[in-house]
Amino acid sequence: MGRYVVRRLLQVIPVVIGVTFIIFCLVFALPGDPIQALAGDKRADPNIAAILRDHYHLNEPLYQQYWHYISGVFTGDLGETYNGRSISDIVAQRFPVTLKLGLTSFAIEAVIGILAGIMSALKKGKFIDNVVLVATLVLISIPVFVLGSVLQLEAGVNLKITPVAGIEKGWPQSYILPAIVLASTSMAYIARLVRTSLTESIRADYVRTAVAKGLPRRRVIGLHAMRNSLIPVVTFLGFDLGALMGGAIITERVFNMPGIGGQLAQSVYLRERPVVVGLVTLLVLIYLAANLVVDLMYAVLDPRIRYE
Amino acid sequence: MSEKTIERPTTDEAALAKEIEAEEKAAARQASLLKDGWADLRKRPMFIVTGFVIVVLLALAIAPSLFTARSPFSDGFCQLQNSMNGPSSGHLFGFDVQGCDIYTRTVYGTRNSIVVGVLTTIVTTLIGGLLGMLAGLVGGWVDAVLSRITEVFSALPLIVGGLLIMSIWGGGDVWSVAFIMAILGWPQVFRIMRGEVIANKYNDYVMAARALGAGSGRIAFRHILPNTLAPVIVITTMNLGVYIAAEAALSYLGIGIQYPNISWGLMISDAQDRFLTSPHALLFPAGALSLTVLAFIMLGDVVRDAFDPKTR
């Protein structure tokens, strides 16, 4: 297992380089001149522009610019904006908001999703199964930004249960509604995935064997059936952590939260290449860490999967 | 004597015909999984209902002019004095901020949503499914390389990646939006497929098939594929709805489908600022979007229930 972890960590490095280079190239191709953008409608002073271009390595070839950026990332320096502000500062300021939102939402979708899926699979065809099926259908069908607006109106403006927008009330009051909205689609996905795969597991021979041996139902479902049913769910949860970060852009926009998502959209709009590259790199690193956890969970959940 | 020599070939022919017949029967038995599924599917009332809704949506997408007398591209379609007026006779859904008839725009918006959803789903399922199967079956360095490539692509979340790519290429129309979403979306199918194949490939029926001398291709498509299809079908059919919703989300953020193209997401985005005073402008396109997503997801459900060998 220890060797596997080390090998897997080494495998992550080319992926980090590959994806950062793709992002870097994509952002490098953004139309427009960032130095001219600083000066607005006026023509930029050629001397100052030349100094700035030199300072930000804009005159050097693409691969050298990439080298400056990637060597900075590995020493903990995400670069600075064209205004001279450190991107690490922006991250330090904005990231806790997105992190709290994402983790709250992740917890909601995992707990409620898996529980709903188990209940649904165990009572297949019964009332509770139909309730879960209809509820998940509704959640998947309504777009996040519509659900967000409607809940904001109902819970925030009409019922006054939660703050309408912003994060002044702190965690959990200000975060609970956006987190539910952000979690809604994935929660429904997970419930259905657990339902499908648990239904299949329950019919499998090894479960019949376990029942025939006289094991208590709780143990048969909880250990024998769930262990195999969780494989696709773990895959999905790992994938979804990355998607949650992206979904935060919409949720943060609807609820006006000062997180990474809002900053990212704004930076793409303002063509602040270093900020976009820095923030997306951060999301990528988090995502790759989640991937690693998923792969390790595979080994724990399914001993048939052999690692050399 | 001569009669016997003539008779011989005819008996051979009869034997050959019997053999062919037997082979055809065997082929029919192999295909019965799909045939049974289809027979099962046709009997389900839910399939008839969702099938009907989807046929209507397809009709709306193919020939929107059959459903409304107006055209959103004609002169004088939008009258500013009608801005944000509520539903009235002749204008069932009311008017948007530009004074355009929301019913007509919603009808004409169907095509873009359906095309983006279907196109993205087909491309992601083909790429993700085939590569996922390859990675799961072959394992070793093929799996390692494919998994790393997948990680590189899937490390860009759909909306973040879409935001990044579309701000450079400029989204704008259906094809570019579908293409960009497919590039970003296939890793999900890949991961589910790979996970399922790995979970299935050590099963006894695969060993049995291999022991009987079945080739890799036969094992992959006849034995493992049918057993991995259920979760992939669940994910891809649900994805159909999700991609339709994602297109709406990207358009909502102002980077997906853009004017003069019609998109439900764009209509919802426009209506959002005035949601408190005139909810109709948001609720009708949102309703159409939700209904479409719902129809495709329910279709996925019945198809899965009918085709999955394990649930029968």
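Any Cβ shown, glycine's included, is placed from N, Cα and C.
Source: prediction; values computed, not measured.
So that you can see what the record holds, here are the features copied from TrEMBL:
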type: TRANSMEM; residues: B:46-67; note: transmembrane segment
type: DOMAIN; residues: B:110-300; note: domain 'ABC transmembrane type-1'
type: TRANSMEM; residues: B:114-142; note: transmembrane segment
type: TRANSMEM; residues: B:149-169; note: transmembrane segment
type: TRANSMEM; residues: B:175-193; note: transmembrane segment
type: TRANSMEM; residues: B:228-246; note: transmembrane segment
type: TRANSMEM; residues: B:282-303; note: transmembrane segment
Considering only Cβ pairs within less than 8 angstroms, which of the stretches B:114-142, B:149-169, B:175-193, B:228-246, B:282-303 has the most against the transmembrane segment (B:46-67)?
B:282-303
Mind pulling out the one from B:149-169, B:175-193, B:228-246, B:282-303 with the most Cβ pairs under 8 angstroms to the transmembrane segment (B:114-142)?
B:175-193
Residues sitting near the transmembrane segment (B:149-169): Cβ under 8 Å, six or more positions beyond its termini, same chain?
131, 176-177, 180-181, 183-188, 190-191, 246, 249-250, 253, 255-256
